[in-house]
Amino acid sequence: MTTGRLSKALQLTLAVIKPDAIAHPLMSEALHQTILDNNFAIVRCKDLVWRKQDSERFYAEHSDRFFYQRLVEFMSSGPMRAYILAREDAIRHWRDLMGPTKVFQARYTSPASIRARFGLTDTRNTTHGSDSIESALREIHFFFPDFNVEQWIEKEEPFFRSGHIRYDDEDQIHKPLSLS
């Protein structure tokens, strides 16, 4: 068994750049670069537009909350970008990078965070990220139904963990060197 950097398996998380940010090409480029600058490997990336029903299904757990309808409408209002990100403790790192959900709070407690820098309101707060391993698995499957987490862990994760990857500018993802 190798020690140090190679000993801890990488964790996957879902990251979503919401319609308010994708509507501004320079902002979406800056957010993509922020992901790269913060040592996340981009495993998958895709642009998509949700129908209202998609948004309702994804946010079903919040259906009794006061913000539910506003969130559903917003998330189906235009294009967004979904990522599967990998790194050690990816969920925690992505959530720290996003900052607090409430933009006003983010500006005071985490001024360098994504939401403090780019967020407009608590709904239009630029990003979404999984809050647990269970959520990450469920959300990755929701956005990337053809992605097999177990297969990725078995076949690709060791390449990502050891740094044997390259960034593909055209596809905007990292690819294992032996599988490229």
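Every residue gets a Cβ built from N, Cα and C, even glycine.
Within 10 Å of the C-beta atom of His128 (active site, pros-phosphohistidine intermediate) sit 20 other C-beta atoms, taking all shown protein chains into account. Under the heading active site, pros-phosphohistidine intermediate, TrEMBL lists His128.
The feature ATP binding site is assigned by TrEMBL to Lys18, Phe67, Arg95, Thr101, Arg115, Asn125. All protein chains shown were included, and the count of other CB atoms within 10 Å of the CB of Thr101 (ATP binding site) stands at 15.
Annotated domain 'Nucleoside diphosphate kinase-like' per TrEMBL: 10-151, in sequence order.
In the predicted model, the domain 'Nucleoside diphosphate kinase-like' (10-151) shows an average pLDDT of 96. Take Lys18, Phe67, Arg95, Thr101, Arg115, Asn125, the residues named in the record as contacts for ATP: the widest Cα to Cα gap among them comes to 21 Å. Sorting each residue of the domain 'Nucleoside diphosphate kinase-like' (10-151) by its DSSP state yields 70 helix, 26 strand, 46 coil.
The most densely surrounded of the binding-site residues Arg95, Asn125, judged by C-beta neighbours within 10 angstroms, is Asn125. Around the Cβ of Arg115 (ATP binding site), the same chain contributes Met98, Gly99, Pro100, Thr101, Val103, Ala106, Asn125, Thr126, Thr127, each under 8 angstroms and 6 or more positions distant in sequence.
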